[in-house]
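Working notes for the structure below.
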Amino acid sequence: MQIQFHLYNTLSRTKEVFNPQDQANVKMYVCGPTVYYNPHIGNSRSGVVYDLLYRIVIKIFGEKAVKYVRNITDVDDKIIDRAALLGVTIDELTDKVTKEFHKNMAYLGCMLPSIEPKATKHIDVMIAIIERLIAKDHAYIADNHVYFDVLSAPNYTELSNRNLEEMFEGVHVENSKTKKNPQDFVLWKPAKQNESANMNFESPWGLGRPGWHIECSAMSYKYLGENFDIHGGGADLIFPHHTNEIAQSRCAFPSSTYAKYWVHNGFLTVNGEKMSKSLGNFITVRDLMDKQIQGEVVRLFLLSSHYRRPLDYNDKAIEDAKKTLDYWYRAIENINVQKIDLPHDFMQSLLDDMNTPLAVKIINDYAKGVFISKTEEERQLNASAIITCANFIGLMNKTPHEWFNSGVDELYVNELVNKRLEAKKQKNWLLADQIRNQLLEEKIILEDRPDGTTIWRKE
């Protein structure tokens, strides 16, 4: 029986059965970071959501059949401005932030994409597409800029499902007397005086750099061709970025449909408010790493809500994710777990538009099953289901001992435990209690066993 994967398509505004153009060559493109500032937790949601989608598609079609492209935007006005502010070169800034992004993705347990192209390495492809658009009267040169003629694009509003006036309400539009229409967007912009040379490139229109939207059209075309299966990104990219991508790609290649399925993850707020530097609630992934919050905790938090729904970051949500993982790890402790086939109900939850809240509930049910099981066989079966399901969504990649003792100096704790055992042998109960209390203050819990040994764990 063929697996049916239902995925919500923003383009049709319905859940559709995912049917790739070629099951032996499934193609997926996701908008990656603009590397001017350390990624924030909103960026990380996109990383985790599309990592899960990648895992599901691999499960269905096989790893060799799936090509996942996630770009790096390393040419942008924001990059120029921040490099100038910090007094560093463009390359120094983009290299540093790109490395930080990779560390963040590893911390969150994300698999590497098949290809991770950088915009600056694909300027030739962008220029070639812009030339096609000019030749087909979809773009024009004005005041040393190249603009895309929005009114020349059929079905421009299809993705956003709004009329043109509504789409541009409240959106900053760079005005120019030389534009045909206020809504026309830039494909190529000229270099400014005193700008860094490595942020500008030679072109038929003079020294300059590409607009943001053309970058993704070029890189997706280079690695996936005119048509591909999935295009992912945050809901904030529906307009203008993805809308403009579709317009310029379809106009450059009239026989193409561009991406077949458009997938968008919801917004992330902090304590109920939009995240912003001015509100002082801008949280980077590095902030979480520095607080020694384990990556699995953040990943589970990001998967705790359906990917299309808004998600609020707050201390309680992180605490709840930690408690859930503690419960799961405690459930498999001291049990000989084995990898088994993915349980049917768990897989079905993910095949229904990546219903992660239901998937998490199913793992919780297996954990509960461990604690109420009457036989060792039942306990082992439930524990094996926990680890199999959790591993599939990128969780529980540690042993229970590693999990509960993460960040603990084991040599130090073991030394105190042995010192306490010696004190008990000498019937020095005062010292034994002092050591127990000292460790308790450091959130280390001791458990004395009937055989005279003592085990410990982090609270």
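Glycine too: its Cβ is placed from the backbone N, Cα and C atoms.
Taking Swiss-Prot as the reference, the stretch among 9-13, 94-98, 274-278 described by the feature motif ''KMSKS' region' is residues 274-278. For the Zn(2+) site, Swiss-Prot gives C31, H241, E245; the one candidate out of C216, C251 that the record lists there too is C216. The motif ''HIGH' region' annotation in Swiss-Prot falls on one of the ranges 33-43, 220-230, 440-450, namely 33-43. Each of the binding-site residues C31, C216 was scored by the other Cβ atoms within 10 Å of its Cβ; the lowest score goes to C31.
Residues 72-74, 76, 78-79, 81-83, 93-94, 97-98, 100-101, 104, 234, 267-268, 270, 275, 282-286, 288, 298, 302, 313 of the same chain sit 6 or more residues outside the motif ''HIGH' region' (33-43) yet have a Cβ under 8 Å from a Cβ within it. Residue counts of the motif ''KMSKS' region' (274-278) by helix, strand and coil are 0 helix, 1 strand, 4 coil (DSSP-based). One residue stands out among the binding-site residues H241, K277 for having the most other Cβ atoms within 10 Å of its Cβ: H241. Across the fold, the C-alpha of H241 (Zn(2+) binding site) and the C-alpha of K277 (ATP binding site) stand 23 Å from each other. Of the recorded residues, C216 (Zn(2+) binding site) and K277 (ATP binding site) place their C-alpha atoms 27 Å from one another. Listed in sequence order, H213, C216, S217, S220, H231, Y258 are the same-chain residues six or more apart from E245 (Zn(2+) binding site) with CB atoms under 8 A from its CB. Distance from the CA of C31 (Zn(2+) binding site) to the CA of K277 (ATP binding site) is 23 Å.
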